[in-house]
Amino acid sequence: MYNFTSVNDVQDLSAMVNLGLQLKKSPNAFRELGKYKTIGLLFFNSSLRTRLSTQKAAQQLGMDVMVMNVGADSWQLEMTEGVIMNGDKAEHVAEAAAVIGQYCDIVGVRSFPGLVDRNYDYSEQVLNQFIKYTGKPIVSLESATRHPLQSLTDLITIEEHKKTARPKVVLTWAPHVKALPQCVPNSFAEWMNRADVDFTIAHPEGYELAPEFSGNARITHDPKAAFIGADFIYAKNWSSYKDYGKILNSDPAWMVTKEKMDLTNNAKFMHCLPVRRNVVVEDAVIDSENSIVIQQAGNRVWAAQAVLKTILESL
Ligand code: CP
């Protein structure tokens, strides 16, 4: 594996999950592997978990870590080719990414979608420009359409907590006050469709994910039906793909409640965080012993470490 931007970069999903679980047992077993190697973590957007967990993972592999908030700490970057740069962008990604590639052995990039122009967002221009110009392996720290480090984490967490060989996993849309990207649900769906799980997506009409992500998942528009017999409830809000970037529904019937969790097979509750309490999920669920959101966030370290170890071994 050279770049890590989607599930398609992983040759053997189950081996990658097992590597994450092995690293969780022996975090410092490969401290020599990344010695004298540097990772640069570039953030165009805010982060808590991705930033800290990837830094910790790299350090546990012996790497040096440089973190930069692009735009706030550096020059504003122009992403488009052939433009006359007489606006507010002081540097082109062609030079910036190439220079970063001189300092780093691996580069991580976080860049969210604008949620205005679907074609632009789904072209993944920022991620692809870094792949084009950096000359070093690129790890997605969440791009315009995917969040693969989160999805690997989610699969590791399901593997750890499952009680049946093929658990029933439900991704349920939940309300939110802001229009959010489709990255987490796109990516979660893409990974679940490749994993050995019984996968359902529940969302109101108008919230269909792009078909290349929803794949063969079972779809329901009933906010309760999918909960019946579920082993894992994964809640997430996303804005509409069809009516791009719009909020079409704020019905509180889609919030994850204790009443709905009581329909499940004693399901574990998952969310990538950050989460808005009593909008997405009620306190009684996220504070219950079935909530594994903190363990899930903890597993971000082992997902990142599995990915970085695999890339380091290919250098
Ligand atoms: N889940 C996640 O990516 O968290 P951050 O946005 O805080 O990194």
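Here the Cβ of each residue, glycine as well, is placed from N, Cα and C on the backbone.
Note that the structure is a prediction, hence the values are computed from the model and not measured.
Now, the feature entries from TrEMBL:
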type	residues	note
BINDING	S47, L48, R49, T50, W75, R110, H147, P148, L149, Q150, C272, L273, R300	carbamoyl phosphate binding site
BINDING	E142, H176, K236, R276	N(2)-succinyl-L-ornithine binding site
DOMAIN	4-160	domain 'Aspartate/ornithine carbamoyltransferase carbamoyl-P binding'
DOMAIN	184-310	domain 'Aspartate/ornithine carbamoyltransferase Asp/Orn-binding'
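Positions of TrEMBL features highlighted on the structure.
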{"residue": "S47", "record": "carbamoyl phosphate binding site", "Cβ neighbours (10 Å)": "17"}
{"residue": "R49", "record": "carbamoyl phosphate binding site", "Cβ neighbours (10 Å)": "19"}
{"residue": "W75", "record": "carbamoyl phosphate binding site", "Cβ neighbours (10 Å)": "13"}
{"residue": "E142", "record": "N(2)-succinyl-L-ornithine binding site", "Cβ neighbours (10 Å)": "27"}
{"residue": "H147", "record": "carbamoyl phosphate binding site", "Cβ neighbours (10 Å)": "27"}
{"residue": "L149", "record": "carbamoyl phosphate binding site", "Cβ neighbours (10 Å)": "26"}
{"residue": "H176", "record": "N(2)-succinyl-L-ornithine binding site", "Cβ neighbours (10 Å)": "18"}
{"residue": "C272", "record": "carbamoyl phosphate binding site", "Cβ neighbours (10 Å)": "25"}
{"residue": "R276", "record": "N(2)-succinyl-L-ornithine binding site", "Cβ neighbours (10 Å)": "14"}
{"residue": "R300", "record": "carbamoyl phosphate binding site", "Cβ neighbours (10 Å)": "26"}
> According to DSSP, does S47 (carbamoyl phosphate binding site) fall in a helix, a strand, or coil?
Replying inline: coil
> Which of these binding-site residues (W75, H176, R276, R300) have a C-beta closer than 6 Å to some atom of ligand 1?
Replying inline: none
> Roughly where does the domain 'Aspartate/ornithine carbamoyltransferase carbamoyl-P binding' (4-160) sit in mean pLDDT, to the nearest integer?
Replying inline: 97
> H147 (carbamoyl phosphate binding site) to H176 (N(2)-succinyl-L-ornithine binding site): how many Å between their Cα atoms?
Replying inline: 19
> Counting every protein chain present, what is the number of Cβ atoms, excluding its own, within 10 Å of the Cβ of K236 (N(2)-succinyl-L-ornithine binding site)?
Replying inline: 22
>> Measuring Cα to Cα, how many Å separate E142 (N(2)-succinyl-L-ornithine binding site) from S47 (carbamoyl phosphate binding site)?
In response: 10
> Any idea what the Cα distance is from L149 (carbamoyl phosphate binding site) over to H176 (N(2)-succinyl-L-ornithine binding site), rounded to a whole Å?
Replying inline: 23
>> Let's see if you can do this one: DSSP helix, strand and coil counts over the domain 'Aspartate/ornithine carbamoyltransferase Asp/Orn-binding' (184-310), in that order.
In response: 44 helix, 20 strand, 63 coil
> Given the binding-site residues S47, R49, W75, R300, which lie close to K236 (N(2)-succinyl-L-ornithine binding site), meaning Cα to Cα within 10 A?
Replying inline: none
>> When you rank S47, R49, W75, C272, R300 by Cα distance to H176 (N(2)-succinyl-L-ornithine binding site), which of the binding-site residues ends up on top as the closest?
In response: C272
> What's the CA to CA span in angstrom from R300 (carbamoyl phosphate binding site) over to R276 (N(2)-succinyl-L-ornithine binding site)?
Replying inline: 20
> At the Cα level, what's the spacing in Å between S47 (carbamoyl phosphate binding site) and R276 (N(2)-succinyl-L-ornithine binding site), rounded?
Replying inline: 16
> Per the record, carbamoyl phosphate is bound by S47, L48, R49, T50, W75, R110, H147, P148, L149, Q150, C272, L273, R300: how many Å separate the farthest pair of Cα atoms?
Replying inline: 30
